[in-house]
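Read the structure below first, then the notes.
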Amino acid sequence: MSAVPDIPGGPAQRLAQACDALRLPADAGQQQKLLRYIEQMQRWNRTYNLTAIRDPGQMLVQHLFDSLSVVAPLERGLPAAGSGARVKLFDVGSGGGLPGVVLAIMRAHWDVTCVDAVEKKTAFVRQMAGALGLPNLQAAHTRIEQLEPAQCDVVISRAFASLQDFAKLAGRHVREGGTLVAMKGKVPDDEIQALQQHGHWTVERIEPLVVPALDAQRCLIWMRRSQGNI
């Protein structure tokens, strides 16, 4: 996979150029919210340890740009997502809201719930929902397996668990015809094999991602229920 060259300049310039590289339109208001989100994450991180990444430049690339890279693939992969219809989305093991907060900023018609078992992380997401004016963003301080089935169009995770564990814990929150989507680094062949052997969910496709300024392999794993499993 070819890497996108590093982007010079300050955060605002780098963000604008990253959106251009991703062919992802972002108006001035959205860009301002994205930058405020990362700034607040840096501030909270000093006290609450939201993420192991401390460097502002690395946060911009490894958190913000990485999350932005899935917006267009989700729109292409979910017919309702690009039509303007409401989309119900769970972000499982969201931490400080990645990618959920970014998705809520970029798509106001996506109703995003960030689910995490660590209270300080969901408190941060709630703070961002208010501070950034995101009525389509909520946070749930709980384990995903403790929630009642949510009938989501899509449930997404980023560095949450193996594919089999993700499907086992979160699959019941996907409505009939919906999908599970896992953000991964290298294609996890062993995880895919374990998932397929389990039988309830199957990998529909593997979609490569190119994250601006990140020289690393990234992909999306799209999963659907196997026929006969509801």
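Each residue's number is its place along the chain shown, starting with 1.
Note: Cβ is positioned from N, Cα and C throughout, glycine not excepted.
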Site-mate of Gly93, Leu98, Ile144, Glu145 for S-adenosyl-L-methionine in Swiss-Prot, selected among Arg76, Arg107, Arg158: Arg158
For S-adenosyl-L-methionine, with binding residues Gly93, Leu98, Ile144, Glu145, Arg158 per the record, max Cα distance (Å, no decimals) returned as 19
